[in-house]
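Working notes, beginning with the structure itself.
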Amino acid sequence: MQQLVDVTGTSFTPLVVVELATNTTEEAIEWLLSRIRDKQEIGGADLLVEQLGLGVGGQEKENPHVFLVGATRQRLLSGAEEVGLFKEYNDGSMRGFTCANKHNFTEFMGDGDGFLSKAECQYIVKHELDTLRAQSETHVPGHSEAKLYPGKSIIRRLQSKGILIQIFPLHEQEDLKRLSFTWYKRVKLSLQPLDAIRQYFGEGQALYFGFLEFFTFALVPMALVGVPYYLFDWEDYDKYVIFAGFNLVWCTVILELWKRYSASLAYCWGTLSRKKAFEEPRPGFHGVLGLNPVTGREEPLYPNAKRQLRIYLVSLPFVLLCLYLSLYVMMIYFQMEGWAISVHVEEPTFWTGILLFIPSIIYAVVIEIMNLIYRYAAEFLTEWENHRLESSYQNHLILKVLVFNFFNCFASLFYIAFVMQDMALLRQSLATLLITSQILNQFMEAFLPYWLQRRRNKKMLRKVQKRRTLDGQELPLAEQVRLEADMSTYLGTFDDYLELFLLFGYVSLFSCVYPLAAVLVVLNNITEVYSDAFKMCHVFKRPFSDPAANIGVWQLAFEAMSVIAVVTNCALIGLSPQVKAYFPDSEIQLILWIVAIEHLLLAFKFLLSFLIPDVPKHIQIRLARLEFESLEALKKKKMLESSEFSKVQ
């Protein structure tokens, strides 16, 4: 990538783009740039920054307030120590990096060039920008509406007031080409390059693609069992008992194995034992200025009681109202289904046979639309609840969205299975919902972003070619930055995990009555890998690295679904004629037996999760050894200090 020169005459590689609003005053720009360049001792970030030149064509329309931020190699190394980056030590263990013993780390050669990946460098720069704090300023210079107080994060205030439009890391074109080639440009039967994904996008992204790959491989046994089941027992629904029993074991075992696999990945990547950084207030958080009892700094404080009132008196009733509307739409669907069946029974023809599938298709489309509308409403409500931390905001948003999506997607299937007890209709509805939702998701997630990005790229290339013919050369830096600034912003893995959560629900809850469900999900996941990989590389701006140690709250969501799967599959087994034949005279006795078996299976499931360690034994030993060595080193240091103190006396 092209090198830039800072006002101090220091050359640097641009890592992060900061774009300010076009109406930002010169006074505010000068103040922000000086704070970015100032030494840390006087409250600055000690980074290098230079303004981006105007691109080709339409110069009067381009925003001139775009800045490229980088850092010297030594500043990045000290930043790596500040953020607590873990790297491989000479003895093979993963340890927190320190500049004092940098030469003891495996990959540190010479002056450390190449020791940190670009994703790590960009994460460090972002961290340093986020920790820029106001000192004696009462407001952003030239913007009296943007109030400041000592200790307030400058970047977060600029974001909340719309002065800072966006901040994003730059793509590295050569690295991106190599990653694209090994990841998705070749159709091949092999594992994803998770280490390369982690190097380029960070641990959070790599863990998502690792989970997607693991989930796909875990579905293969179910798909292999399901195909002959589907072919030979198509009309014989009595024989789904064995498949339901297989589901019970499958959904428990794969989640336990995933926890061990993700722990191994996180250890190799240095995030498993990494201390979580102190969370700063969200940019949108507001309240009365007060003193934070933890940090001792002034910041907005908002009463927790007031937030709880908003949650329980407004958000909860709204969610319940949405669930009622979802139930109402479901009953309309059943009325349409009944009408279609009556028409087909009266005069069975080819067209009335097709008509039988129309209500399910319409309902599947309506479900997707309702999920989308509800998502916007949930985001608005969660924002209005005014959560101080981003993690708290995400947890409340995920809970709202999961509850509604689960009810909206699965309520009709539960009704058909346990109220109507119509296994033929359950199979048809599950197949229609699964196929329709996958077609819609592939269109929205793959085709539409690809088409929009092609339009943007062609527009930018036409502008570039007005001045020069590229002849396959790398895009000039100014044009690359403008092109990436116009890309869609990646909003995280929320929607990706949500889609996998719903697919996991379809295969774990009801796939015993439609054994091809696992096959369809495997095919969907294979296309998902390629479409998500393409989007990450060419549709979205490069996201900042997220040093995650696991998939977070989504692990709990999948485990909750696996518990529901145990109850559901036991109930389906109880409804089968095979099992009912053993209790011809007493339905209550059957129910009691099913409930007892279900409780035993749940107990077995929790016992299994207790017996299988979340972290493999060899990693536990390494972590314990590292902790022991740290304690021993601390003891020696204290003994040395005390002996030196006694000598002085």
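Cβ coordinates come from backbone N, Cα and C, glycine included.
Note that this is a predicted model, so its numbers are computed, not measured.
When TrEMBL is compared with the stretches 430-452, 545-567, the one noted as transmembrane segment is 430-452. Only sequence-distant pairs (6 or more apart) were considered; of these, at least three Cβ pairs between the transmembrane segment (397-418) and the transmembrane segment (311-334) are under 8 A, so the stretches are in contact.
Proximity of distant same-chain residues to the transmembrane segment (590-612), defined by a Cβ-Cβ separation under 8 Å and at least 6 residues beyond the stretch ends, is recorded for 248, 252-253, 256-257, 260, 559, 562-563, 566-567, 570-571, 573-574, 579-580, 582-583. Here the transmembrane segment (237-258) touches the transmembrane segment (500-523). Their Cβ atoms form 3 or more pairs under 8 Å, with each pair 6 or more residues apart. Long-range Cβ contacts of the transmembrane segment (206-231) within its own chain (Cβ-Cβ under 8 Å, at least 6 residues beyond either end) map to 191-192, 194-195, 197-198, 239-240, 243, 246-247, 250, 254, 257-258, 261-262, 265-266, 269, 493, 496-497, 500, 504, 507, 511, 514-519, 521-522, 525-526, 528-529, 532-533, 548, 550-551. Same-chain residues lying 6 or more positions outside the transmembrane segment (500-523) and placing a CB less than 8 Å from one of its CB atoms are 211-212, 215-216, 219-220, 222-223, 225-227, 229-230, 237, 240-241, 243-244, 246-247, 250-251, 402, 405-406, 409-410, 413, 417, 423, 426-427, 430-431, 433-435, 437-438, 554, 557-558, 561-562, 564-565, 568-569, 572. Residues of the same chain lying 6 or more positions beyond the ends of the transmembrane segment (311-334) and with a Cβ under 8 Å from any Cβ of it are 359-360, 362-363, 366, 370, 374, 377, 381-382, 384-385, 396, 400, 403-404, 407-408, 411-412, 415.
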